[in-house]
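In TrEMBL this protein carries:
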type	residues	note
TRANSMEM	70-90	transmembrane segment
TRANSMEM	116-141	transmembrane segment
TRANSMEM	162-182	transmembrane segment
TRANSMEM	188-209	transmembrane segment
Amino acid sequence: MSQLTSEQRSELLKNKDLHIFGEDLSQLELVGCEECDTIYRRVDLAAGERAYCECCGAELYRQPKSFTSLLALVITAFIIFVIANSFPIVKVELQGNFSQTTLLGAAWTMFQIDRAFVGILILITTFIVPLIDLMLLMYVLTSIGIFKTRPKFLRLTLRVLFLFRVWGMVEVFLIGVLVTLVKLVGMVIVIPGIALWAFGILSILLVYISSIKIKDIWDEIDRCLS
Ligand SMILES: [Zn+2]
């Protein structure tokens with residue numbers, strides 16, 4: 001991978017196409033490090049390979065999975081998301097009295113006990129953001145992977161997906177629930193619900209899905225539709 005000098009880099013920012021190393025380069029053939037701004041010439045990678053920055057070691061890009069297999073993964077995550085929100089997370093028993101709740105039920109309880117801020121945070125980070133994230137990914141991947149057409153709101157969709165990356169916190173919620181359950185054991189009888197297992201699987205899937213950079217999806221779209 002050839003590294004550009006700072007003069008070539010600043011020249012590149014002004015011009016869409018540039019003559020470097022005796023060749024015509026377009027911006028599509030270049031990739032910038034998100035951590036240190038060093039610009040490199042893109043090289044083709046084999047499946048599963050990743051390119052790293054020589055200066056800071058950050059990941060530059062990788063060869064993403066095909067859109068159809070990524071779509072299958074997103075649909076699976078969506079189905080598990082529906083299951084996780086349709087069944088109780090946990091059932092507790094104290095002196096013959098049973099109590100159980102779903103994720104939305106837990107958020108609603110927060111509103112009822114004047115903890116509206118916590119309720120809103122739970123709703124946003126574990127329900128609204130993951131739901132919109134999965135639906136937008138399905139929209140983009142279906143349009144390009146199956147119908148081979150550029151989605152009408154592609155730019156807006158990918159920007160929203162990029163912004164939402166930091167707000168999805170299903171795994172944090174799951175760890176919070178598990179810590180609470182461990183503390184409750186001994187005081188009450190705790191019976192894990194279907195949704196608890198579903199949230200565990202969903203967390204793993206979402207971590208994998210969010211490890212795929214939006215930039216790599218952009219590049220794959222350019223490659224597929226060019
Ligand atoms: Zn770097």
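Including glycine, each Cβ sits where the backbone N, Cα and C put it.
Tertiary neighbourhood of the transmembrane segment (70-90): same-chain residues 64, 100-106, 127, 130-131, 134-135, 137-138, 141-142, 145-146, 177, 181, 190-196, 198-199, 201-202, 205-206, 208-209, 212, selected by CB-CB distance under 8 Å and a gap of 6+ residues from either end. Counting same-chain residues at least six beyond the ends of the transmembrane segment (116-141), those with a Cβ under 8 angstroms from any Cβ of the stretch are 67-68, 70-71, 74-75, 77-78, 81, 85, 103-104, 106-110, 151, 154, 157-158, 160-161, 164, 167-170, 172-173, 202, 206, 209, 217, 221.
Tertiary neighbourhood of the transmembrane segment (162-182): same-chain residues 89-90, 103, 122, 124-126, 129-130, 132-133, 190, 192, 196, 199-200, 202-203, 206-207, 210, 214, selected by CB-CB distance under 8 Å and a gap of 6+ residues from either end.
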